[in-house]
Amino acid sequence: MLPFWKRLLYAAVIAGALVGADAQFWKTAGTAGSIQDSVKHYNRNEPKFPIDDSYDIVDSAGVARGDLPPKNCTAGYAGCVPKCIAEKGNRGLPGPLGPTGLKGEMGFPGMEGPSGDKGQKGDPGPYGQRGDKGERGSPGLHGQAGVPGVQGPAGNPGAPGINGKDGCDGQDGIPGLEGLSGMPGPRGYAGQLGSKGEKGEPAKENGDYAKGEKGEPGWRGTAGLAGPQGFPGEKGERGDSGPYGAKGPRGEHGLKGEKGASCYGPMKPGAPGIKGEKGEPASSFPVKPTHTVMGPRGDMGQKGEPGLVGRKGEPGPEGDTGLDGQKGEKGLPGGPGDRGRQGNFGPPGSTGQKGDRGEPGLNGLPGNPGQKGEPGRAGATGKPGLLGPPGPPGGGRGTPGPPGPKGPRGYVGAPGPQGLNGVDGLPGPQGYNGQKGGAGLPGRPGNEGPPGKKGEKGTAGLNGPKGSIGPIGHPGPPGPEGQKGDAGLPGYGIQGSKGDAGIPGYPGLKGSKGERGFKGNAGAPGDSKLGRPGTPGAAGAPGQKGDAGRPGTPGQKGDMGIKGDVGGKCSSCRAGPKGDKGTSGLPGIPGKDGARGPPGERGYPGERGHDGINGQTGPPGEKGEDGRTGLPGATGEPGKPALCDLSLIEPLKGDKGYPGAPGAKGVQGFKGAEGLPGIPGPKGEFGFKGEKGLSGAPGNDGTPGRAGRDGYPGIPGQSIKGEPGFHGRDGAKGDKGSFGRSGEKGEPGSCALDEIKMPAKGNKGEPGQTGMPGPPGEDGSPGERGYTGLKGNTGPQGPPGVEGPRGLNGPRGEKGNQGAVGVPGNPGKDGLRGIPGRNGQPGPRGEPGISRPGPMGPPGLNGLQGEKGDRGPTGPIGFPGADGSVGYPGDRGDAGLPGVSGRPGIVGEKGDVGPIGPAGVAGPPGVPGIDGVRGRDGAKGEPGSPGLVGMPGNKGDRGAPGNDGPKGFAGVTGAPGKRGPAGIPGVSGAKGDKGATGLTGNDGPVGGRGPPGAPGLMGIKGDQGLAGAPGQQGLDGMPGEKGNQGFPGLDGPPGLPGDASEKGQKGEPGPSGLRGDTGPAGTPGWPGEKGLPGLAVHGRAGPPGEKGDQGRSGIDGRDGINGEKGEQGLQGVWGQPGEKGSVGAPGIPGAPGMDGLPGAAGAPGAVGYPGDRGDKGEPGLSGLPGLKGETGPVGLQGFTGAPGPKGERGIRGQPGLPATVPDIRGDKGSQGERGYTGEKGEQGERGLTGPAGVAGAKGDRGLQGPPGASGLNGIPGAKGDIGPRGEIGYPGVTIKGEKGLPGRPGRNGRQGLIGAPGLIGERGLPGLAGEPGLVGLPGPIGPAGSKGERGLAGSPGQPGQDGFPGAPGLKGDTGPQGFKGERGLNGFEGQKGDKGDRGLQGPSGLPGLVGQKGDTGYPGLNGNDGPVGAPGERGFTGPKGRDGRDGTPGLPGQKGEPGMLPPPGPKGEPGQPGRNGPKGEPGRPGERGLIGIQGERGEKGERGLIGETGNVGRPGPKGDRGEPGERGYEGAIGLIGQKGEPGAPAPAALDYLTGILITRHSQSETVPACSAGHTELWTGYSLLYVDGNDYAHNQDLGSPGSCVPRFSTLPVLSCGQNNVCNYASRNDKTFWLTTNAAIPMMPVENIEIRQYISRCVVCEAPANVIAVHSQTIEVPDCPNGWEGLWIGYSFLMHTAVGNGGGGQALQSPGSCLEDFRATPFIECNGAKGTCHFYETMTSFWMYNLESSQPFERPQQQTIKAGERQSHVSRCQVCMKNSS
């Protein structure tokens, strides 16, 4: 009975609905039963629903209340319609969501209802008053890594940065004095245990330990360290010329040589040549005696490459005295000595095991400041302030001031009026990528999920569109530790290059003195000379109880022991030794989630992964650097005699020729006159670093000028060819060219003998002017390391230093050695009650049986459609492509080689002595001086100031994570960069003419297996062609689809009689046969009679089941109406960064908001007016080290520097003055004096930040660490995946057994395997061609088979007749998915290329020309519609450009992306018949077609020829079981077999199939596992009942029918008598057991449904299974002779929409659910594809009657959420013991 107020409310609503002019009946939506009114259809003329024509419309408005027709109405009465008795129609489609009903009047107050469930989280309340500043919180956990911020504008000079990367190695400093001895360091860690010494010599009996005899000579000592580098020797005289080396390879043909120059006189030595490549070592030749000719001293050559490794040196001098020999054998025990004195305290004992937790320590020192906290919540909006008085009028407009500080937050202004729509602007140019949006609001923390099951590695899907980075959600609670997943397949990553070293951190503060180290391991035994061994120290106190160790790794299972004798009883026996570990119990109830363990130690690096797939072709690279200059070509042949000057001959003008081929690159022309200034071009890309120019004289420092404004565009300049310019200066040294070809024979040079004169001596010149100071020299190379100075005296000890601050925590120490065994701990507390053990182990192991392989298992069911696999490995290298188009013209080449040296000038007279020139370059190092006399000790110095920061030490071990450092200063926003120029679009190439048909090429090699193509469109059926000539034999085809069941064959001919054999003796009973293959599924049985009520018990939760296959995607549901705004969702998965969208249109200015977080970088602002000069700022912090400054002015003459190393080759000098006497060689100069060291130049300005370095190459794999200690026993792992089929084992040992008794007749075996192929039959005669069969119906599309190997080319067929276009075929059913292809073989590993120098980032290349049409791509997936970008701002109209010249054809474009499959176009006219194409490759097997109409039986053909023997095909899939054949002939009696070995004991498993099935539901997303001894048949989803056409059909949760293998919101269709079935066209519903996932606010759909559907498994049990119920909160015991499977709660029945529902038989295991849920099931609307928990769903459970008396009235009570399970009866599922 409804309450009074509800009835009144219903009456009011009904009355309101009937009064309305357009009222509707109530409509049930979903199952919520909400009343809907038709307010939305008010005053509309159109009908709300279409009206069926089979019904008449009665206008009831004109029939008054008294004019109603009588019950037996005739047709003549007004408003009367014939009575239509129609059958009840099917349930209609779900109606649209009705409008919201009118609000009813307020009802009377009802009775106080029961307390409701805990309400949902309320809306956030109003902001409170700002609270007082709280105490400083403890440092938070490390947050997740933030989203990378947008590139901000360049900032002002920031605070001092952290230390830069290690610079290049500096010059070796002068060796410092030897430092004082340091304080003793902290105690080191224990060393490794030394090896045991040899046995010592016997000691003497008495206590007089005299000195032993002299030992044998020790082992030869190791070679001493290399001595210091010797002084550089003086340069030796030039040696004699060596013998000629072996003849080199002949060079390539050089270019034709230039005409030879006229010779004028003796040639001078040429310029030094370019540094050559490192030569090969010369082969040894006998050295002939030569004489030395002194040549002119050449220029100093470049530093040569390192020489080859020298030969092994002579044996060194005898080594130092060897180390002491090993200790001798242990002597005999000595006599007892006198009692010694009290010994010193022994060393502390080894560290005991970890003790219990100590008392809390003292408060630590204050920590470093924590990181800046997250922005707090915005405070409450303050009240508006009072309006101030009006200010004075402002003055004239001033110049824009500098940016002011950030103003306070303004009030929210009133929204302005809506403006008129602006005119659509022209589409702007593509904008730059927009800035990344801010992070979204964080999601609510999700519910703590159950421990995940180990998932199988999914195949990688296609790369989806690049998603935008989602917001960072609040971190959810840590989930339970999942199981260790299998190792994934090797990734296809591309090997990155080795990364650069990281930036060093700040130097740490001085640490306090470390604690005393652990005790070192015992050292090697010391020498015993006169001392006596001390007495052993007393044993240390027992350590405190340590924590439990980690589980060790499980040992291997031992063999079964021999069964022991029955023991007798004894009263005084001592307790026996500890028994062996028992067998593992059943899995326990899942424990609570443990605390998060410490992070594991870093594992070894994995093996190198497979080579990654080739990346996409990158843009064309930049022009590479010029190659090295090749070796000089061979000398050309002498030229022919010279001819007259061709320039004097006037050439006759010939006819215009055809355009010639493009000429070679011309010689560089003279520089033209400078043109007028052109329009400023766009800013170029970052250019390459130029060659170092000639040093100019240092200029005066200019004052920095202000940045000028951009000038106006200049007038386009005219280009007038200028006069030839002067000869330029020599260019920079070119790179070494490639090896040139031998030149052609050159022209003969003219050498006029009358021009060869001795040069006349000139007059003496005037003294020259003082030369300009030369440019400062470049920094010299680092000097060679100086010699080690003499060891100074030890200075006096300085005063103690000031006590440093407390140091940071030291790095975490390495794991100490295992401590000594501690005192046994106290006995632990009693453990929890154990789980019932498993069945006992089998008996003693019998003699080994004879092994034989078992039969092949049946084929598995078709798997669900897998996810799209990873991109396969890169296919084999394709055929060479066609010749590419002509490339772009190359860049201008570098300057050519230096010209030939000029003629020597006439020798002048000796000039006067010039003025003193600038200081010369530092000479070579001087001869080292002799060692000085050792000085006296100096007086004690003052305490020194703190020393400089030392050089970085070697890389230390990885430390523990440090505390958070203080947050650095925020950088200043930098200036925005200028916009780069847009690239020039390429010119589209003209479409070429269609080429002629080429000749048929030779057969190419067989290609690799390609990926399966997408199904093409259904083609039009053609007429039957003529019969082709028989093709050549094809290659083996792919395995065929499983064929239909064949008809029984005819009886074969009788076999030959077998050989007679002796009668065998009666055998012993044989062992039980192996279990046969699984038979075909039986037909469904008739419904059984209702069983007796059973009892139930609740087993413990089994281990998590294996991950189920992914279900198919459901059908797309219809678009629902927009729901209300949902609660904030859970944190989404981070998507990949989306591509940046276009620049949006400017929005309407908003009201001033609250102070936001620091905004992203602004767009570049316009250039402001120059501001006034600011005040002098505070002294800034030290800046970063600047880049290398420009060369400073010439310094004062420094002191004599240390001897430098041999310098690099100098710049080529000016030509020397002519020698006074030709051909006279100068003497070797004396060694110059040591030069002065210049002063250090001024510090340069800070350089620009360089581009990021290239990622370094992958480092070498580290050495394998020492093996770790054995771990404790691990937790038993979850059930592993079914492993691959093992290889056939070796045949077992065959021992002839005794004769067995006759065995029981075995059951019918399953179908045997396919027999081996028979022998090759004889070749038959060729058969005649049969009659063409009838055309079959088109079949459904088959699965995409793997691409077959390319068949051999067939003979060309006869041309067929023109066919008429056939009717389009019927669309076939989609076939099952093809098998996943085998993984391709790894490609050959390429040779390692040389590491290239890092190139600068190249500019984007010009767009290529339109490439040739690519092959038709596979149909692409439908992409999501991208958001429409806002139109950009209209750009300025540019000047009209001149017509550009035709560009050179671009590089061929890359192959286009696969195109989207266009919709089929209209049918075209029949085309002309084309020529016969070459025979195509064999197609993939087609999908299985529909069964065609049975044709008439053809005439029997003649016997065909015997075909050639085909290759043995791969075994096909197992066929259907055939019909039983007719009984064969009785076979001959077989030979007597050998006596078999005794069989192995039978396993505890069943030797027969019981057929008793049991279903278990996990009520979670995890698939449950069958109990031990049960056989898993299938897994699925837990179906409770189906509501169809308002009738409910219930499933017994204990029967297999409640576990369906696939899930769908509507797994059924409805069929009527008119042979028509409908699917998803009615309002049918399904109900499923659900999980413990949180109840959603709105219906869920698509993949979100998965987390709410319970999983199940169907098992075959060895014996009958029942459920028993206690009707109390105590779990009932199973009856005698039964054992428990699981425990649970007594679930009886359920109801949902209307009167639908069902129940469970109490003896069925389905009445005992393992988890209690107030709403244990979820309702799914079949047609809509959504699922939800509705208020009408009710579950009924057995009540706990423990505290109530029978036959007394139940007491009404409301049970809250926390107490529900204590009022529900418990149950247990039990199975009868089969043992």
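Using N, Cα and C of the backbone, Cβ positions are placed for all residues, glycine too.
Here the structure is a predicted model, which means the values were calculated and not measured.
Annotation source Swiss-Prot lists signal peptide at 1-23.
The N-linked glycosylation site feature in Swiss-Prot is assigned to N72.
Per Swiss-Prot, region 'Disordered' is recorded for 89-643 (among others).
What Swiss-Prot records for 144-163 (among others) is compositional bias 'Low complexity'.
Residues or ranges marked as compositional bias 'Basic and acidic residues' by Swiss-Prot: 196-217 (among others).
Annotated compositional bias 'Basic and acidic residues' per Swiss-Prot: 249-259 (among others), in sequence order.
Among the features that Swiss-Prot reports, compositional bias 'Low complexity' is placed at 360-369 (among others).
The feature compositional bias 'Low complexity' is assigned by Swiss-Prot to 531-545 (among others).
Marked as region 'Disordered' by Swiss-Prot: 655-1187 (among others).
What Swiss-Prot records for 724-747 (among others) is compositional bias 'Basic and acidic residues'.
The annotation compositional bias 'Low complexity' is assigned in Swiss-Prot to 913-931 (among others).
The compositional bias 'Basic and acidic residues' annotation in Swiss-Prot covers 1106-1127 (among others).
Annotated compositional bias 'Low complexity' per Swiss-Prot: 1151-1170 (among others), in sequence order.
Annotation source Swiss-Prot lists region 'Disordered' at 1200-1285 (among others).
According to Swiss-Prot, the feature compositional bias 'Basic and acidic residues' maps to 1224-1245 (among others).
Summarising the annotation, Swiss-Prot assigns region 'Disordered' to 1336-1530 (among others).
Confidence annotation: the domain 'Collagen IV NC1' (1555-1778) carries a mean pLDDT of 93 in the model. Look at the disulfide-bonded residues C1603, C1615, C1774 and count other Cβ atoms within 10 Å of each Cβ; C1615 has the fewest. Across the structure, C1771 (disulfide bond) and C1678 (disulfide bond) are spaced 10 Å apart at their Cα atoms. Within the set of disulfide-bonded residues (C1621, C1656, C1724, C1731), the lowest number of other Cβ atoms found within 10 Å of a Cβ is recorded at C1621.
Local packing around the Cβ, expressed as the count of other Cβ atoms within 10 angstroms, is greatest for C1712 among the disulfide-bonded residues C1570, C1712. Between the listed disulfide-bonded residues, namely C1678, C1771, the fewest other CB atoms within 10 angstroms of a CB are found at C1678. Here the C-alpha separation of C1659 (disulfide bond) and C1724 (disulfide bond) works out to 27 Å.
In this structure the C-alpha atoms belonging to C1621 (disulfide bond) and C1678 (disulfide bond) are separated by 48 Å. In this structure the C-alpha atoms belonging to C1603 (disulfide bond) and C1570 (disulfide bond) are separated by 14 Å.
Using CA atoms as reference points, the disulfide-bonded residues C1570, C1656, C1712 were checked against C1774 (disulfide bond), and the closest is C1712. Comparing CA positions across the disulfide-bonded residues C1615, C1656, C1678, C1712, C1731, the one lying closest to C1570 (disulfide bond) turns out to be C1656. There are 24 other Cβ atoms within 10 Å of the Cβ belonging to C1659 (disulfide bond). If you compare Cα positions, C1678 (disulfide bond) sits closest to C1712 out of the disulfide-bonded residues C1615, C1656, C1712, C1724, C1731. C1731 (disulfide bond) is 24 Å away from C1615 (disulfide bond) when you measure Cα to Cα. When the disulfide-bonded residues C1712, C1724, C1731 are screened for a C-alpha within 10 angstroms of the C-alpha of C1656 (disulfide bond), no residue qualifies.
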